[in-house]
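First comes the structure, then the notes that go with it.
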Amino acid sequence: MTVQHQLIVGGQRSGKSRHAEQLAGDWLAAAAGRSVLVLATAQAFDTEMRARIQRHQADRPAGFATLEEPLHLAAALCANADPQRLILVDCLTLWLTNWLMPMDERPDLPAWEAELQALLAALPTLPGRIVFVSNEVGWGVSPMSREARFYVDELGRLNQAVAARCQDLTLMVAGQAWTRPVHQPS
């Protein structure tokens with residue numbers, strides 16, 4: 001089976017984005033007429049995050065287009081998916097953060113759930129290749145606060161649901177990639 005969708009997970013600074021960009025660059029170079037779109041979910045609320053975003057932008061190959069979409073991932077994917085395009089979603093972790101930890105307001109959990117379900121429903125129908133990047137945060141100590149535990153649980157649920165709709169799953173550890181096919185239920 002041809003890999004259409006792939007999830008890359010790992011810890012912070014494990015090499016997830018670099019590996020995803022390498023995959024996208026290899027895919028782009030493999031045939032004429034292809035394009036890569038980075039669907040970026042980060043928001044620059046402080047100078048550290050602004051610097052991180054700028055570093056990611058500077059590291060991207062010149063032929064990659066970028067679309068910033070912090071909330072409405074399903075609509076952005078549906079509007080931009082194409083058989084000749086690889087969409088690199090970087091990253092699901094910050095997308096979830098944008099929904100569950102909005103600045104100066106309470107999270108809209110029903111809206112989050114609706115957006116998640118829209119993404120999960122759209123994924124199997126999307127043409128082209130989609131590579132998702134996400135953090136794996138559930139391997140450490142259980143957080144002290146109720147909100148942090150909820151976030152860790154939601155990210156685990158999100159990663160599992162997206163992985164179930166992908167053909168390949170890659171785990172990044174210390175810059176090394178371990179990729180395996182995702183078992184598709186019959």
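Backbone N, Cα and C atoms are what each Cβ position is placed from, and that goes for glycine too.
Keep in mind that TrEMBL annotations are predicted by a computer and have not been checked by a curator.
Features reported for this protein in TrEMBL:
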- H56: active site, GMP-histidine intermediate (ACT_SITE)
- G10, G11, Q12, R13, S14, G15, K16, S17, A40, T41, A42, E68, D90: GTP binding site (BINDING)
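Positions of TrEMBL features highlighted on the structure.
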residue	record	DSSP class
G10	GTP binding site	strand
K16	GTP binding site	helix
A40	GTP binding site	strand
H56	active site, GMP-histidine intermediate	helix
D90	GTP binding site	strand
How big is the gap, in Å, between the Cα of G10 (GTP binding site) and that of H56 (active site, GMP-histidine intermediate), rounded to a whole number? 17
Q12, S14: which of these binding-site residues has the highest Cβ count within 10 Å of its own Cβ? S14
Candidate with sparsest Cβ neighbourhood (10 Å radius) among K16, H56, the listed recorded positions: H56
Can you give me the same-chain residues 6 or more apart in sequence from A40 (GTP binding site) with a CB-CB distance under 8 Å? I53, H56, T66, L67, E68, E69, D90
Sort out for me which one of A42, D90 has the most neighbouring CB atoms within 10 A, since those are the binding-site residues we care about. D90
